[in-house]
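Pulled from Swiss-Prot, these are the features on record:
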type	residues	note
MOD_RES	52	N6-methyllysine
MOD_RES	147	N6-methyllysine
REPEAT	6-98	repeat 'Solcar 1'
REPEAT	111-201	repeat 'Solcar 2'
REPEAT	212-297	repeat 'Solcar 3'
TOPO_DOM	1-7	topological domain 'Mitochondrial intermembrane'
TOPO_DOM	100-109	topological domain 'Mitochondrial intermembrane'
TOPO_DOM	200-210	topological domain 'Mitochondrial intermembrane'
TOPO_DOM	292-298	topological domain 'Mitochondrial intermembrane'
TRANSMEM	8-37	transmembrane segment
TRANSMEM	75-99	transmembrane segment
TRANSMEM	110-130	transmembrane segment
TRANSMEM	179-199	transmembrane segment
TRANSMEM	211-231	transmembrane segment
TRANSMEM	274-291	transmembrane segment
């Protein structure tokens, strides 16, 4: 193998392993966040049974669905997240060669910053094209509040993908894709762009104390998450439309979804579950730091 191929493989492995570990750890927070986001678009959750907030959700889930239900959809998330994060990190470095080739970060700061934004955004958008159906399935499985058996909308990952494909075709698995691309570019641009720029401005980036790296990563994930959160809420709502027919369809399209959420629920609705997203972001920050640490030994 060439040095470039070895480097690509190391990026793929280091990024994927770090992501799988952290995602499993924060899966309960992830499910709470998703339920708060999509409950208004769920056929299973009637108005009188909607969750009032994070704590209400945390208390009711184990009582109504069992403790293990906190990890509902986690398998799809791990399967999805491994290639997503690994491809993001791997492609990010490839895109950096394109956007940052010959750029001096000390004398051309803004060009360096813009290049990092572009490479991070392009990496995220490229990866999304490959793994979106898994992201879709993860959302629908996590939003399934049935206790067991017939009460469940889907029996598992395979059942979800098959049922939606039968009812809506492959297109159904890509519901909300356009707004997802918009959101992922914004999120990844900040996630990678600001982090790499901040680390690049340190005197000795490769030997930075892990606490400093974590603090930078934590700030980056919080800002990136909040900035792109409304896009995430809209895409999750659109995902809930697949499999519906006639009067059951709540939104005719992405723009209609934006309008109805703002009109019927208010602007705050775009940020439902955002606080749990910040907590979940600690896992994202851990991924960035762990990725850097793993690369030191590979």
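Along the chain as shown, the residues are counted starting at 1.
Using the three backbone atoms N, Cα and C, a Cβ is placed for every residue, glycine included.
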Looking only at the repeat 'Solcar 3' (212-297), what are its DSSP counts of helix, strand and coil residues? 70 helix, 0 strand, 16 coil
Should residue 52 (N6-methyllysine) be counted as helix, strand, or coil on the basis of DSSP? coil
Helix-strand-coil residue split for the topological domain 'Mitochondrial intermembrane' (200-210), DSSP-based: 5 helix, 0 strand, 6 coil
